[in-house]
Amino acid sequence: MSGEGQGGQGRGRGSSGGGARGGSRGGSRNGSGGGPRGGSHGGPRGGSGGARRESGGEERRDAQGRTRSRGRSGAGRRYSAQAPAQRSRTADPARRVAFEVIRAVHAEDAYANLVLPGRIRHARLDRRDAGFATELAYGTLRGIGLYDAVLARCVDRPLEKIDPPVLDALRLGAHQLLAMRVPAHAALDATVALVRAEIGAGPSGFVNAVLRRVAERPLEDWLADVAPEDGGDAALAVRASHPVWIVRALRQALAAHRGTRHVADRDAELGALLEADNASPVVNLVALPVPGGREALAAALEDGAEPGPLAPDSALHAGGDAGRLPGVREGVLRVQDAGSQLTARALVAAPAAAAQGRPERWLDLCAGPGGKAALLAALAAERGATLVANEVAEHRAELVRQALGAVPAAAWTVRAGDGRAIADAPEAAGGFDRVLVDAPCTGLGALRRRPESRWRRTPADLAELTGLQSELLDAAAAVLAPGGVLAYVTCSPHVAETTVQVQDLLRRRPELELLDAGAVLSEVALGDLRLDEGEPGGDEAAGAAAPDDVAARTAQLWPHRHGTDAMFLALLRAPSDTPESPERTRG
């Protein structure tokens with residue numbers, strides 16, 4: 001995916017980088033497994049946004065990632081803006097930007113990674129202040145669970161009774177006090193000044209008093225109070241700033257996937273994963289194999305970027321807003337997680353039956369907003385193949401067209417349509433040799449890049465999303481040409497969205513062959529992915545595995561092991577000796 005976070009470097013401490021070491025929600029609320037919801041915190045849950053993407057009911061958003069034409073509760077009280085005593089214009093610009101982003105997330109259902117870069121540019125922050133604003137916004141959003149648990153100990157009312165903007169200011173102050181190298185007096189004074197400037201003088205005394213109570217104890221003491229070490233998953237959720245249901249889902253995923261299912265200390269493995277989720281990710285760049293792409297990459301490397309350790313023609317950018325790089329502006333250099341790059345390249349490298357007498361035809365079934373599609377289209381052009389990029393929503397299809405703008409137009413076509421009905425599209429006649437199903441999912445593997453998403457998802461989202469994933473996989477299998485390869489990719493390691501989906505697809509379509517995705521992924525990667533570490537048989541694990549051992553033939557990347565999002569990959573091949581057309585195999 002191309003949606004990475006703002007590249008500014010924060011001032012957070014240790015490996016937590018972009019967030020607190022805390023978790024789901026405070027006190028008894030943690031057991032519900034949710035984050036801030038509805039009007040009580042000004043932060044809607046988000047629901048099954050991914051499912052809406054393919055079903056045609058997606059909420060439309062503006063360029064800042066805000067929902068369009070949709071009323072929201074949780075906007076907060078209106079404090080007088082006309083009485084001079086109510087306002088002070090001394091709020092620190094970086095803190096104001098962070099506060100505005102947090103409010104946009106909670107009051108307008110916006111995405112922080114879409115809102116933040118524009119706010120930074122509008123405020124004309126320099127690199128240092130941009131990094132501070134990024135850390136403050138992302139870290140506060142990630143750490144809401146811990147901060148709410150602490151704040152609940154410091155106020156005499158339920159948090160739901162606190163005006164939403166005031167509560168967000170308290171969270172922002174708590175993050176500075178507990179997880180950043182900001183002196184207590186500076187955090188207090190600056191947060192109170194922010195409240196006066198952005199909310200009004202009325203609540204400033206309350207904010208000052210509450211934050212002084214927070215500052216009375218170090219983080220370690222607060223953790224012992226609100227999340228004791230022997231408190232099980234509920235306490236771990238508070239410490240790790242994840243809803244408890246996500247903690248349990250990730251524990252199950254680690255126990256099920258290749259490379260992690262046999263680790264001796266599963267608690268330590270889970271702890272490392274949760275910690276990685278709370279670290280600020282470095283922005284990954286990829287040069288498209290188009291004219292000017294590698295030159296733009298070389299320029300980025302000369303400007304301070306470092307060569308990417310895993311993906312070919314990639315770099316790690318830690319120098320602020322990557323959108324300011326000339327190559328990114330020109331579209332020949334793209335922001336994309338290394339895991340996304342590798343899964344796209346794995347589809348291209350997977351052994352497929354050669355197309356007879358014609359160039360290969362590829363399909364990206366769920367192409368919006370265009371990250372993997374751009375790389376696939378460029379690789380297709382390089383190999384004389386063509387790509388059809390399908391996206392259900394027209395406005396997202398337009399984003400795909402923009403993403404593919406640097407690739408020769410003869411190599412690609414973008415269409416708007418429901419992926420589940422792709423077999424009826426004229427473009428599907430004759431089938432496709434390579435098909436990518438980058439399915440809408442819970443996004444549990446990209447929590448480090450989308451700090452608010454952990455609080456928006458609920459277990460109820462799984463039913464709708466997994467149903468949609470199954471339908472998309474069936475549709476993709478129906479348009480595979482003989483010997484064609486299907487890549488199923490999710491940015492979630494959840495078992496229900498990964499290995500279970502593959503098992504179910506193989507039961508429905510036993511003619512499909514499950515390839516060793518790990519071997520192909522390792523072939524395209526620059527470094528050792530260690531996918532079979534701990535597996536019986538080591539590097540030969542997949543070859544020695546039972547045919548029904550889906551985990552041994554699929555691949556799961558992890559942020560704590562590979563420095564990527566938790567991307568899942570399965571590669572399935574249609575039989576090459578079947579003369580049937582895609583129309584005849586649709587069922």
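Keep in mind that glycine also has a Cβ here, set from the backbone N, Cα and C atoms.
The annotation in TrEMBL ties Cys366, Ala367, Gly368, Pro369, Gly370, Gly371, Lys372, Glu391, Asp418 to S-adenosyl-L-methionine, and of the candidates under consideration, Asp337, Asp438, Asp461, the one tied to the same site is Asp438. Separation of the C-alpha atoms of Gly370 (S-adenosyl-L-methionine binding site) and Cys491 (active site, nucleophile): 15 Å, rounded to the nearest whole number. In three-state terms derived from DSSP, Lys372 (S-adenosyl-L-methionine binding site) belongs to a helical segment.
Cβ neighbours within 10 Å of Cys491 (active site, nucleophile), excluding its own Cβ and spanning all shown chains: 30.
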